[in-house]
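Annotated features, as they stand in Swiss-Prot:
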type    : residues                                                                      : note
BINDING : LYS14, THR173, ASP174, THR215, GLY216, GLY217, MET218, ALA219, THR220, LYS221 : ATP binding site
BINDING : SER54, ASP141, ASN153                                                         : substrate binding site
DOMAIN  : 280-358                                                                       : domain 'PUA'
Amino acid sequence: MNLSEIGYRRVVVKLGTSVLTSGSKQLDKAHMVELARQMSALMKAGVEVVLCTSGAIAAGREHLGYPKLADTVANKQLLAAVGQSQLILAWSQLFSIYGLHVGQLLLTQADLHDRERYLNARDSLNALLNNGIIPIINENDAVATNEIKVGDNDNLSARAALLCHADLLILLTDQQGLFDSDPRSNPDAKLIKQVVNIDDSLRQLAGGAVSGLGTGGMATKLEAADIARRAGIEVVIASGHRRQVILNAVCKEDVGTHFTALENPLESRKQWILAGQAAKGKLVLDVGAIKAVTEKGRSLLSKGVVSVIGEFDRGTTLQLIDSDGRECARGISRYSAGDLNKIVGKHSDEIESLLGYDYGDAVVHRNDMVVL
């Protein structure tokens, strides 16, 4: 492989707990040093690397001698608080072997939801990269509550890729990639080597497999891949135990499942809407509204809303769905759930008389919307 001819200039590598522990209950330092070697080789070849690492809770369990704790949020936070220091120490020591420094960024959903904090996180990330320091990103599980759930770091790595305008996102797991059926139950399952479009049939293939120590499954990796590719970022899902896997992926060799980036990626603000904010509610749209939004690029009007799901304030990101629950778009609502329930199915010129005020004709303006 010729690192001097690499087309990528900035790469995000996500390592799952199953990769870091090699299926055991503790961090596999021998394997971690091999992964650090590959990332260091990229840095020295002029490719900037961002590492999104899981493993804090597993490291905490190991450091405390595998205590028998109830499976509660508080205990997960305890383990994460203890383990995060051990995890960053391990990575710092391993990268120092190759003369590289690391910097730690612990993020929560709130850091990505607020536009100003989102931009500040981006500036911190870029400052580290511009000074030849490897940013190491993890979910701030010690203070987060809702974030300790399936898929946090898969989605976090995609958001990190958007933050730093990466060219490639590598999601390393204990599977070779995405298969046409579950390879653990079907020995004839075939690896899908190339994905151009992510649709419902592909999401069904991803299933919901979850490793014993981690929190991510193939379904969440598919979600992360979809976020990244919409921003013009290529994605590879591959086995973290394959020899030279990071270098192979960056050199575009035949490894894992490769997801092609969209030719016309979303502009920066819409990337933030899609990746920076968690949807807090849903609007069910009629057929006409779905066509107007998805095919004609129009704003969503109250007339096209059939029903409101959830409680939320104005300025909240919502999922726009059809009658079968399929999401067709995501956008920022100009009205609260309480207001929307009063104007559902009504014409825009009736809003002020019904509410006593209005925030514009559109419930979700097209500039605040991402069509999926």
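For all residues, glycine too, the Cβ spot is worked out from N, Cα and C.
Among the residues the record lists as binding substrate, namely SER54, ASP141, ASN153, the two farthest apart have Cα atoms separated by 11 Å.
All protein chains considered, the CB of SER54 (substrate binding site) has 29 other CB atoms within 10 Å. When the Cα atoms are compared, ASP174 (ATP binding site) and ASP141 (substrate binding site) turn out to be 23 Å apart.
Between the binding-site residues ASN153, THR220, the minimum number of other C-beta atoms within 10 Å of a residue's C-beta occurs at THR220. Distance between Cα atoms for ASN153 (substrate binding site) and LYS14 (ATP binding site): 8 Å, as a whole number. In terms of Cα distance, the binding-site residues that sit within 10 Å of SER54 (substrate binding site) are LYS14, chosen from LYS14, MET218, THR220. The Cβ of ASP174 has fewer other Cβ atoms within 10 Å than any other of the binding-site residues ASP141, ASP174. LYS14 (ATP binding site) and ASP141 (substrate binding site) are 17 Å apart (CA-CA, integer value).
Within the same chain, residues at least six positions away from LYS14 (ATP binding site) with a Cβ under 8 Å of its Cβ are CYS52, THR53, SER54, ASN153, ASP154, SER157, LEU169, ILE170, LEU171, LEU172, ALA224.
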